[in-house]
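**Q** From TrEMBL, for reference:
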type	residues	note
BINDING	72, 77, 139	S-adenosyl-L-methionine binding site
COMPBIAS	1-14	compositional bias 'Basic and acidic residues'
REGION	1-22	region 'Disordered'
């Protein structure tokens, strides 16, 4: 069972409502997507680009570039500047339909790039239950689910991954000896690395890569950020 954290609403629907109101009341800008730290955008994209280059090289043809799913696409910051460079087609998801629509507008000259849009909470995703995705990208979004619900989501996502498919998680992550944190403003859980490993293991994944982000070097006030790459056991 998940122990309730200070400021955490009673159930997923209440938390989702708070999150929806939080983002609906703010402008659809990079500044909103990056919590006021727009200056980290270039470094964020650069290090994620290096990660994907390394993964394609490491898997040497076994990782395809046909189809990607992005969880929490926001206004398409990562979709346009990173994922569209590597994948032929991208399915997008965000809690707000306006965000999905704005992301689509970035590809008006390449309408086939964005395939399906899922405007819903990640906990409510209804996906095709057959191997489809080469990679699933989840950046600053999995914290909207508690531990048990996140295990459930990852198990669902596992059914949609191709044989050598991967999940990339880029998220705030407190040190293992520190207490996990929770932001009541947008109902977001900030976990320890140990918690991420436990959740991945329970869902049937192994962590094949774990690295620290460089973003904290750009803005010292940021929480530590880790990048986990998951593969099916």
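Cβ coordinates come from backbone N, Cα and C, glycine included.
Any TrEMBL annotation is an automated prediction that lacks curation.
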**Q** Rounded to a whole angstrom, what is the largest C-alpha distance between any two of the residues 72, 77, 139 that the record assigns to S-adenosyl-L-methionine?
**A** 11
**Q** Count the other Cβ atoms sitting within 10 Å of the Cβ of residue 77 (S-adenosyl-L-methionine binding site), across every protein chain shown.
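**A** Around residue 77 (S-adenosyl-L-methionine binding site), other Cβ atoms within 10 Å: 20.
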**Q** Taking the center of the Cβ atoms of 72, 77, 139 at the recorded S-adenosyl-L-methionine site, which other residues in this chain have a Cβ no more than 8 Å from that point?
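**A** The answer, listed by sequence position, is 33, 70, 73, 74, 78, 79, 137, 140, 141.
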